[in-house]
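Taken straight from TrEMBL:
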type   : residues  : note
DOMAIN : B:22-124  : domain 'Thiamin pyrophosphokinase catalytic'
DOMAIN : B:131-199 : domain 'Thiamin pyrophosphokinase-like substrate-binding'
Protein chains: 2
Amino acid sequence: MEIEAVILGNGDYPSHPYPLDLLQQAPYVVCCDGAANEYIHRGHTPDAIIGDGDSLSAENKKKFADIFHPIKDQESNDQTKAIRFLQAQGKHRIAIVGGTGKREDHTLGNISLLIDYLQEELEVRMITDYGVFIPTHNSQTFTSYPGQQISIFNFGAKGLQADGLVYPLSDFSNWWQGTLNEATGTEFHIKASGNYLVFQNFR
Amino acid sequence: MEIEAVILGNGDYPSHPYPLDLLQQAPYVVCCDGAANEYIHRGHTPDAIIGDGDSLSAENKKKFADIFHPIKDQESNDQTKAIRFLQAQGKHRIAIVGGTGKREDHTLGNISLLIDYLQEELEVRMITDYGVFIPTHNSQTFTSYPGQQISIFNFGAKGLQADGLVYPLSDFSNWWQGTLNEATGTEFHIKASGNYLVFQNFR
C-alpha cells in the first residue's frame, strides 16, 4: 500500500533498515510525545508531535511549539491519539514504527489496537525491527518467501483455513494458538470470516 | 511466592537487577535452547537445557549433552516445553525471565501462555526488564506503591471491578482496554470472576 503518513511511537527507536527507510521516505511523520526527542536529535523535523507532552523535552516543546498538538484524553494512548490526528486530516493509510519494545504492556496494547483501527476502516500496519503486523478482515492473500515465519493472532475470526502454510489453521480456542507457522512459497492465502492479525518476519 | 525454578527464555537476556537476581538465586534454572549460550557465556551452568537444539551452539550441545533434553513437539514453543519439563518434576512455582524482546509474535505468545499455565494450576510469573506479569483467577489483592503503573489484560473474566486504582475497571469489550492504569496506594484489589493478567511496572 502507498503510505500517507508514518507514526513514530514511544517504544524502541527502529534499528532495522525497513522501518528506518519508511521513516526516511514518509510524506508525513507524526511523533508520539517523547519519540520526537530522538527523531529530532537525529537531524529530522517531524510534521507533528502528539501526546500529553510529559516525555517531550522542555527544549523541544518550546522549539517545536507550532507543531506540538497536546491532546489530553485518558481513554486513548499516544498511538491512538496520533491515529485520530491523521484521520481528521483524511489520512487513512498509515504505518507505525517504534510501536514496540520497552514496557511490554504498551507493546501488547499498541499491537492489539491495530484491530480497533481496522474496524474503523483505516489501513494501518505496524513495522517493527523483526517484521510487519497486518490487521486483516476476512479472506486475504499475502506475499511471502519460502520459510518465512508467520504468526496469526485470532481476534474473533471464524472458519480459519490456510493455503501455503506449513501447519494447518483451525478455529483456535485461544487467540495466540496460530503463532509460529511458516510459509511454503511466495504467497499464502488465509480464508476466514472476521478479524485477525498476521505477523510476517523479515528475511 | 517461593520460586522452585526459573526459566530463561529465548527473548532478550535480562538487564534489570530484579530478573538478574532471580536468575542468580534460583534453586533450579532451565534454559530455553539458545538462551543457554549467553547464560553459559556469563559463567553459569544451567540445570537443564530444553528445546529442539536449533539455536544451541554445537560446542554447548556437546559440552552439556548430559543436561540437554531435546523435545520435538510442534504444538508447543520452547517456553511451554520448559514448563512441562518442570511440571513433570513436581515443580509448580516458576518464574520466567528473558521471555520478551526480539520477535514480537514470540513476546505476545509467551505472555499469553501464562493464562494457559494458570488454568493448569501452576503458579507461573513472568519477570521482564520493566515489570512483572501475574496471571490471576478471580478476586485478588496485590501489593503496590503509589503511582505504580498497572495494566490489566482480560482473558474472559466477568464483573471486573477494582479498589485502589486511579481509573475504574469495567467489563472491557476488548481484552487490552485495561492497560495504563495506576495504583493509588500500597495495595489494590481486583474483584472478578475468571482469568485476567496483571502487569505491574518496576519503580
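Glycine residues also receive a Cβ, built from the backbone N, Cα and C atoms like all the rest.
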Stretch-averaged pLDDT - the domain 'Thiamin pyrophosphokinase-like substrate-binding' (B:131-199): 93
Secondary structure composition of the domain 'Thiamin pyrophosphokinase catalytic' (B:22-124) [DSSP: H/G/I, E/B, coil]: 44 helix, 18 strand, 41 coil
Secondary structure content of the domain 'Thiamin pyrophosphokinase-like substrate-binding' (B:131-199), with strand meaning DSSP E or B: 0 helix, 46 strand, 23 coil
